[in-house]
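Participant: Just lifted these from TrEMBL, have a look:
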REGION    26-71  region 'Disordered'
REGION    121-142  region 'Disordered'
DOMAIN    141-239  domain 'CRM'
DOMAIN    261-357  domain 'CRM'
Amino acid sequence: MFLSRELLLPWRRPNQGAQALAGRLLRSSSSLSDNDDDPPFTRIPKRLPRAPSPPPKPKAVAGKIRPDEPAHSDLPFDFRCSYSETNPAWRPIGFREPTRFSPFGPGRLDRPWDGIAAARGGVGDGEGEGGERSREEVLGEPLSEEEVAELVERYRHSDCSRQINLGKGGVTHNMLEDIHNHWKRAEAVRIKCLGVPTLDMDNICFHLEDKTGGKIIYRNINIIILYRGRNYDPKRRPAIPLMLWKPLAPIYPKLVQNVAEGLTFEETKELRNRGLNSPPLTKLTRNGVYVNVVDKVREAFKTVEVVRLDCSHVGTSDCKKIGVKLRDLVPCIPILFKDEQIILWRGKVYQEHSSSDQFTSKPQ
């Protein structure tokens, strides 16, 4: 049996698959056309015109860096970053940042910044522009012993919510604002002092009373309670512009000289070696309480010539600050800072005073 050529050749066969597919599509379209609830294709709705976008909101005026008018304050002292840890008599030999950059911000204060302080423009007493009163008028009548005892019992405990921690920066400028904020709702504020400033607590107390106008009614080691006064009015508090950042410390002359004053190089070297090999007078901790250190050094200088202080883990910066304070308070001469060890020499002047005292104390 012979097959035809069309059956043998596949490309000659009729396209049966295409015909079957076309038939199925025609049947499905006829069945879908009868049912209007299920259309063959999804109807695309006409696009509505887009609503106009709202206008951009204006930027907040409070976020402006440069205000329209600079702030003014009638406080009768120069603004400094720290009042208790700086001395106006110290003159720097250089600055680590340009003096034209004020830490109060550009154009935010009407006092010029010279790299150390913002000096007040004029001297004025009595009531200022904001109706500021004198310190005696705000304090009013002195507190009685019963009133003082009641305030002390309320604020002296460690769980007091009206507390400010005073660290190595001492009495800073922005701390004054914190104290007045506490005085809005409390008669007194508890201040806990730690670190280098505790070497001279009298200096801290003086600046707290002088800069805030309050009165210290309690002082125990490193705890201070500062009273605001009988006639204190939060609405008439002084205007205190805040510092936006902490300015870099200026560059001061070298603290330790290669050769101590009044000695030769060999004598200075011998004193340094003797101090490093001597037992430490005391060991200071980081952010500790150094209230008794000055008295200990003074007492030790009555018997020895060189004293060593162990300041392990205190930090190089704090070691130098401790040396500067001891130099002025004892007084003495720092001759070496090495490996967080402070070597202090009592100096020839101290030697002469001690010998003269011994001579006068001898019985005739």
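Placed from the backbone N, Cα and C atoms, the Cβ positions cover glycine too.
I would like each feature placed in context: is it buried or exposed, what are its neighbours, and how far apart are things?
Facilitator: Per DSSP, the domain 'CRM' (261-357) is made up of 46 helix, 19 strand, 32 coil.
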Participant: What average pLDDT does the predicted model assign to the domain 'CRM' (261-357)?
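Facilitator: Mean per-residue confidence for the domain 'CRM' (261-357): 89 out of 100.
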